[in-house]
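Positions annotated as region 'Histidinol-phosphatase' by Swiss-Prot, on the basis of sequence analysis: 1-167. According to Swiss-Prot, the active site, nucleophile annotation covers Asp9. Per Swiss-Prot, active site, proton donor is recorded for Asp11. What Swiss-Prot records for Cys93, His95, Cys101, Cys103 is Zn(2+) binding site. According to Swiss-Prot, the feature region 'Imidazoleglycerol-phosphate dehydratase' maps to 168-357, an assignment based on sequence analysis.
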Amino acid sequence: MNDKILFIDRDGTLIHEPKDNFQIDSLDKLLLEPYVIPTLIALKNIKFKFIIVTNQNGLGTDLFPKTKFNKPHQFMIQIFKSQGIKFDQILICPHLPEDQCNCRKPKTGLISCWLKNKSLDMPNSYVIGDRDTDIQFAHNIGIQGIKYHQIHFNWKKIHKYLMQNSHRVAHIQRITNETNVDVKIWLNQCDQNKINTGIHFFDHMLEQIAIHAKIRMHIITKGDLHIDDHHTIEDTALSLGEALNQALGDKRGIGRFGFTLPMDESIAQCILDLSGRTYFDYQAEYSLQKIGNFSTHMIEHFFRSLSSKMHCTLHLKVIGNNDHHKAESLFKSFGKSLNQAIYIQHNQIPSSKGILL
């Protein structure tokens with residue numbers, strides 16, 4: 001299993017950065033940022049590992065002798081250690097900007113072993129820092145950056161944000177006279193899908209959503225298939241849509257939009273906006289009434305029901321010759337679009353309104 005890593009800047013993020021010379025070169029300059037210790041303790045408890053990544057201009061030269069750096073730095077480490085907080089690595093670039101080294105943030109030389117070994121849990125790892133270079137560093141790694149600010153996005157807010165994000169999980173149960181549906185969704189995990197609706201082709205289609213959205217789904221539906229497949233498909237869609245909407249929470253940081261065009265001789269188009277407003281448009285024709293034991297007219301009803309509970313705008317269109325390919329391409333393209341839309345890119349609400357409802 002890959003590691004959930006927080007790559008944390010030191011000066012200005014873990015500890016206060018003095019404005020006189022931007023160096024913590026004596027004990028009297030050492031001051032922890034507010035709430036950093038309780039936040040790191042809480043994040044350690046949900047299996048995050050911590051790595052300090054810091055630029056220290058001219059460290060080891062007359063500009064910044066190591067003797068002045070080491071004493072406050074080691075005291076800082078001892079404070080964290082006394083509270084049960086361990087840093088797995090402390091990575092320091094001692095160079096000046098003009099040295100053009102490959103280890104100074106936002107370059108990624110200091111963490112090259114992590115990138116080479118592919119041991120990062122990319123969706124669940126973050127860079128936390130107070131400078132734009134930290135956010136660029138995150139972008140260069142391919143993970144999310146969180147810009148620390150003592151007022152606007154402090155350690156208390158980072159705690160709340162990462163606790164919400166680390167879960168992004170939902171569990172919905174829907175029991176009616178016609179069906180019993182149990183849906184669990186993990187947006188930050190993939191593989192190990194368990195899907196059983198009693199309709200084999202439908203199971204296959206739902207798995208395509210999970211695979212291409214890179215999420216984990218457990219869906220168990222028991223329905224009145226002795227009558228037909230309508231209630232089973234409809235109630236699964238309603239439950240899945242509600243679970244996806246619940247797992248997204250306040251949608252802070254998500255891409256919000258997604259679109260894609262895949263498969264074989266079929267061309268499927270999916271345009272998705274997790275806007276909080278429901279709108280659905282569907283354009284598809286099939287020559288067969290059924291694919292296996294799955295009614296083709298229920299594809300439209302599935303996505304209409306799903307979008308109503310997701311509170312999203314969804315446009316779907318497909319053309320092609322093979323009904324199996326057309327159906328599969330729609331489910332795959334929706335999964336791809338969903339992957340784009342739910343991917344966390346920053347820590348802001350993706351709307352000028354400041355809310356997505």
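One is the number of the first residue shown, and numbering goes on along the chain from there.
Keep in mind that glycine also has a Cβ here, set from the backbone N, Cα and C atoms.
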For Asp11 (active site, proton donor) and Cys93 (Zn(2+) binding site), determine the Cα separation and express it in whole Å.
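About 13 Å separate the Cα atoms of these two residues.
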Taking every protein chain shown into account, which of the active-site residues Asp9, Asp11 has the largest tally of Cβ atoms within 10 Å of its Cβ?
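That would be Asp9, with the most Cβ atoms nearby.
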Show, in sequence order, which residues other than Cys93, His95, Cys101, Cys103 on the same chain lie with their Cβ within 8 Å of the centre of the Cβ atoms of the Zn(2+) site.
Asn55, Pro94, Asp99, Asn102, Arg104, Lys107, Gly109, Leu110
Are there any residues in the same chain, six or more apart in sequence, whose C-beta is under 8 angstroms from the C-beta of Cys93 (Zn(2+) binding site), and if so which?
Thr54, Asn55, Gln56, Cys101, Cys103, Arg104, Lys105, Gly109, Leu110
By a simple count, how many Cβ atoms lie within 10 Å of the Cβ of His95 (Zn(2+) binding site), its own Cβ left out?
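Around His95 (Zn(2+) binding site), other Cβ atoms within 10 Å: 19.
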What is the one among the binding-site residues Cys101, Cys103 whose Cβ has the most other Cβ atoms less than or equal to 10 Å away?
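Result for the most crowded candidate: Cys103.
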